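*Asks:* Dropping the structure in here first, questions after.
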Amino acid sequence: MKIDNFQVNSDKSATSEIATPEIFLTGTSSVLSIAGAIIIFATYRFVPKEYNFTRKLLVYLTIADFITAVGNLVGVSRYLHVYWTKTQNQNYTGLTNGTAINSTQENNLQDLCRVQSFFTTASNLASFLWTFVIAFHLWATVILKITLTSRRIAHLIYHVVCWGIPIAIVCTVIPHLGENYRYGTGIWCDLSNSNGNKPELELLMYRADIGWQLTSYVTSCFFYLHIIFYLFLHKRSLQDASNNQFRKEDRNFLFVWFVLYALKLWGVIRFFLTAYLNDDMLQRPKTTTCLEILLIFQSYGASGQAFWNCVLFCFCDKTVRRKMCRCWTVPVEAKATTTNENTPLLIEHEGQIERASATIETTLMTTKHDTKQRGSTNSQNGI
């Protein structure tokens, strides 16, 4: 693999090259997902109408995806610093092994690589688990007609499982965290194997990534497709089937699995190709081209879930979209000297402006009527 003309890994088992497009896609996807996560957090905080338990689960999923995006962005920055520095040294000073990077700096970069790998590996596992929890909660509410999945004890169990299990798993593979660009990874640090034992690395990938990813795909797909077919056969909306526990716009949750598949499946395919094809097959032009294409899609998709969840649950959610548009295009100017304490500065929902105007008009008419009655009473009493 190489950036421009610098060879990063020259052994025969290398399956693709890391070049400028992959770096650009990973960095862009990470930045977009960080922005998307911030929007999801902000809309959950400032749009009260969308408050429900499922939306809260989405926030937890977004936290995991936010950590992944930040970690992959750190990985991109580290990769550029290390290998472009070596490239410049090679081009301008004739150094062939990057000796201008002293041992202390190199150790610090390796430590940064391991820390980044720890957080992104754990956050990826947490993302798969939170996706499963959302699917299970929707399925239990719509199909089984139970509310146990939204109670406080269930809430506590979700956190223990979705954060505790990933951290525990990653702690068991800490010695194997580092830099590796051959088994379905991109330019970020992931799992590595210094002794070159291919079966051992495959087992590590199954235990700390691929196995959980495939389980999430199968179970989430089952739950979501069951819900979709149930609603179609009974000709009911998600809101009706859940006894109004969900909003009309919450039907977008039925597409979470599709976002997950569209973004993450490329890395799984690439892992299986690099893991089970022999070295001669991997060096064939068609295989190399296929792996390069998969790496391009994976470079974007590995960090992209938070951004596309933002598109799905903010820009495609009518209530949230109108709220954001109103905040961006019609800023509210609070005039303390002319506004009564009990007068709302911003009326949130449609139709309330008309109802508020009608209420004010009714109040004024009542006041006039009372004034007339008091005037006639006073005149009769000779006052």
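Each residue, glycine too, has its Cβ placed from N, Cα and C.
According to TrEMBL, the record shows the following:
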- 19-317: domain 'G-protein coupled receptors family 2 profile 2' (DOMAIN)
- 23-46: transmembrane segment (TRANSMEM)
- 58-80: transmembrane segment (TRANSMEM)
- 125-144: transmembrane segment (TRANSMEM)
- 156-178: transmembrane segment (TRANSMEM)
- 210-233: transmembrane segment (TRANSMEM)
- 254-273: transmembrane segment (TRANSMEM)
- 293-316: transmembrane segment (TRANSMEM)
*Asks:* Counting Cβ pairs under 8 Å to the transmembrane segment (23-46), which of 58-80, 156-178, 254-273, 293-316 comes out on top?
*Replies:* 293-316
*Asks:* Who are the chain neighbours of the transmembrane segment (293-316) in space, where the CB to CB distance is under 8 Å and they lie at least 6 residues beyond its ends?
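*Replies:* Residues packing against the transmembrane segment (293-316) from afar: 16, 18, 21-23, 25-26, 28-30, 32-37, 39-40, 43, 55, 58, 61-62, 65-66, 68-69, 72-73, 127, 184, 186-188, 252-253, 255-256, 259-260, 262-267, 269-270, 273, 324.
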*Asks:* Sequence-remote contacts (6 or more beyond its ends) of the transmembrane segment (58-80), Cβ cut-off under 8 Å?
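*Replies:* Same-chain residues near the transmembrane segment (58-80) but 6 or more away: 18, 23, 26-27, 29-31, 33-34, 37, 40-41, 44, 109, 112-113, 116, 119-120, 122-124, 126-127, 130-131, 134, 158-159, 162, 186-189, 253, 302-303, 305-306, 309, 313.
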*Asks:* Could you tell me the mean pLDDT over the domain 'G-protein coupled receptors family 2 profile 2' (19-317), as a whole number?
*Replies:* 83
